[in-house]
């Protein structure tokens, strides 16, 4: 403001300086020259260092960071213009307390001033004096003032002199435990120990009984020594349930002191502030004035300059007591800045340069409160475990932002390592609004936006505080947390995405965890390929297709005398029996024999969705190359593939142009017949696939998925009329061939004659193809019945790959029709040779053979209607999970799940939906009735939810109600995950696994179970073994209080751990004798590391 006035007024620089001196000398006789600061060092770390750097950058001041060896990866290093290592070889905290190193770095690098931040050396008079002796300005009070205010006992004496009421306490730091005992005898319990040369809750312990006195004295002394380099303590009478109110003051070098109103810091745990509010809520105006007046008078009495805080306790009668002066910037200074619009760090630096408060526009009558501000300290502490600090690597970090939100942080970023060496503060979140409720609503919204994964945080606890009625509408005291246990009713975080990444990462590093239920090994016998004649293979139906096109091909099929066969051995047979694991290598070996011996096959089924899945996921093969190579070896037999309508060969609806392009490329690479189906017989999806196959020049075979029983008058959802009417629509749409796709093998001879007979009567010129499975064992009879009713083609598999959940036997059909009008024209001896090859080849895939767990088919398929391939998979999964004896329950649950979903047609992917729901019911021991009753509260499998949302299509008869309306159809939660890379093994036996999720880089650390077997690690305490005592949190062992063979009582202290500058006593969980001690002093422990063993 002054400079602006100078320019406008045209005063010269000399006149400005004279005016400035006159302004300053009017306040004091002290003559201080204005000396601009050009370079500032922050003798601190974390968010406060960054806060000061930002202010310096705004003011055009160069910045210098210092860091310990443990902080080489911390963000404050990167935010400064320069950064230097201090405390080489020292303990983590000791590095930031090493005054010689800090001063040396400052002098060697031309530092003008050092800002101490808060904590560490911020209230050290020795440090302030060392700065002065080195000619470096200390951004804070004078060394003498720091000494007076830092010594809590002298500060109390000064307060008494200024007429400020104080809490009864010792006149000076106590020298021993006996001094504390004497004070307690005089004033009674409770009392409180406080560090004489620091704050922030460190070195502070409340003692309520004489028996607790010695242990708490030792802990307070040790904490103070560690945190501030001086273990001196003083003792006060502890006031029950007070409010903690502090007043922000600001002084200059000319005797000017102002207050910037107060902050309510009553919400605390372990004497550390958790939530701070400015101004104090529902504070009596007269009490507010007294607090401000006492704070300013005390500051003036000691000639206070720069920023500081005068702290008071207010008892339930409204009487206030001085407790201490923090001669530094406070963690919670942010809320004061938000309500007064005064940048305290700017003001600190300007005062240090020699500016007066009036020059800065800071006069008491100009300071106004605008609204309310709340600060929440988001820490890496677990409220569910007594706020124990958590350490580790932040895997995911996403903050809450927006209007009215300010974030001050340092280590809050993805990949940051939270160590046990320093404070657990992760980020300070500050919310501002017109009043407390407005600020609280903004804060709640911001916290809800946070996503922190990898370490525990106190965010769920903070959210409970912000929604607490007492917090929002009344006053709180320092016992607020202790008296509101409902604050610990924490809402669990879902963390679905990160759990999924950990699972995927574990599979990538260590392989799948589901054990193969059998130990069968591949056969050592190589299959022998039958003799193949010389020359080109005979003419086959593909030659007809190439010559006459799809329409001519269909006419030739319809006009053919005898029954035509489609061989599924190359796909569906080994999908049903061998988990689709057959390699291209084994298919190619037998292909020339098939081409020469079975030229009169209608087609060879060799491609589909499972081909793509297994070839790329397990076989490391290209399905397109398989198609090309088989086409070259079998030029005369048509190839057939499954096309899942709009899903192509996937499990979701693809864009139309993708389906069209897929069919075009498939046709170009050798595919001939496209059997188009939809798992729900949803006509729009089928028509898209038919149109795409037709446009590509392929033979369109529209397949109607079959379920139910058309011969049962009691089951009429899928009646004969339903199938005939659907066939009408497909024939009208131009299908070349009509197919019945009986995935579960439900067609009985009677139903086969009814259905195929009705279709043949309705469509005399359209070829009819029937696909089925032999799960019940009636497949051959059903297919012969279809042939008699007018079917042109039926599906078979070679004998050694037939039966059970595969297709009916090729040899059986050939033999049964031989010499009849349905004669297949296939030589039976060729079938025997073909079968012998596959019988030996099947032995190569013994670990995947369904016969390892399933010895026969089962006629109960007529009840549960499980498709062939899925029947095999469910049986295999049940045995893998140790539930082989419960497979009957799985099949029963499948029946019930099907009814819940409205009796679906069950083909991939609808069959998977029913299976997922069935397994969900078995895993959670739910009956059909319970699922219906609790549908609004259960978390259903995603496939079930997506089905009910209509992603798969609309089922015949509509969606099941009221079941569908009850299920929560959560939208917008799709995760797009791409695995990127595996990292090298680290010293902890972990590998970093990198993913791209929803377009963002994420990584997780996964233990390599194989590598860890060769590495040595500290043993973990087993909770199941009585007497094993583990570390309750990561930390460092400070003291071991027992020896091997010592007798201990329950609750007796065993050892002391230090983490994040707080000390925790580990007590004995039982009475007994110390059997073994597994740690030593100074040892670093992880959570649950075994400390010692006790035996009764």
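Note that the numbers count up from 1, one per residue, in the order the chain is shown.
Backbone N, Cα and C atoms are what each Cβ position is placed from, and that goes for glycine too.
Heads up, TrEMBL stuff is auto-annotated, nobody curated it.
According to TrEMBL, the domain 'Biotin carboxylation' annotation covers 36-486. What TrEMBL lists as ATP binding site is 152, 236, 271. Look at TrEMBL and you will find 156-353 tagged as domain 'ATP-grasp'. Residues or ranges marked as domain 'Pyruvate carboxyltransferase' by TrEMBL: 563-832. Annotation comment: TrEMBL describes 572, 741, 771, 773 as Mn(2+) binding site. Annotated substrate binding site per TrEMBL: 644, 908, in sequence order.
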Report summary line: Excluding 152, 236, 271 themselves, the ATP site's Cβ centre has within 8 Å the residues 169, 192, 193, 194, 195, 204, 234, 323, 324
**Report entry** Greatest C-beta neighbour count within 10 angstroms, which of the binding-site residues 271, 771
**Finding:** 771
Report task. Could you please provide the mean pLDDT value for the domain 'ATP-grasp' (156-353)? Result -> 91
Requested in this report: Write out the long-range same-chain contacts of residue 236 (ATP binding site), meaning residues 6 or more apart in sequence whose Cβ is under 8 Å from its Cβ.
Outcome: 167, 168, 169, 170, 191, 192, 194, 323
Query - Environment of 572, 741, 771, 773, the listed Mn(2+) site - residues of the same chain whose CB lies within 8 A of the CB centroid - result: 568, 742, 743, 772, 795, 807, 868
**Report entry** Nearest of the binding-site residues (152, 271, 644, 908) to residue 773 (Mn(2+) binding site), judged by Cα-Cα distance
**Finding:** 908
**Report entry** Residue from 572, 741, 771, 908 whose C-alpha is spatially nearest that of residue 271 (ATP binding site), among the binding-site residues
**Finding:** 908
**Report entry** 152, 644, 741, 773 as binding-site residues, winner by CB count within 10 A
**Finding:** 773
Requested in this report: Grab the ATP binding residues from the record (152, 236, 271) and give me their largest CA-CA distance in Å.
Outcome: 16
Query raised in the report: Among all the protein chains here, how many other CB atoms are within 10 A of the CB of residue 572 (Mn(2+) binding site)?
Result: 28
Requested in this report: Give the distance between the Cα atoms of residue 908 (substrate binding site) and residue 741 (Mn(2+) binding site), rounded to the nearest whole Å.
Outcome: 12
**Report entry** Nearest recorded site to residue 644 (substrate binding site) by CA-CA distance, among binding-site residues 152, 572, 741
**Finding:** 741
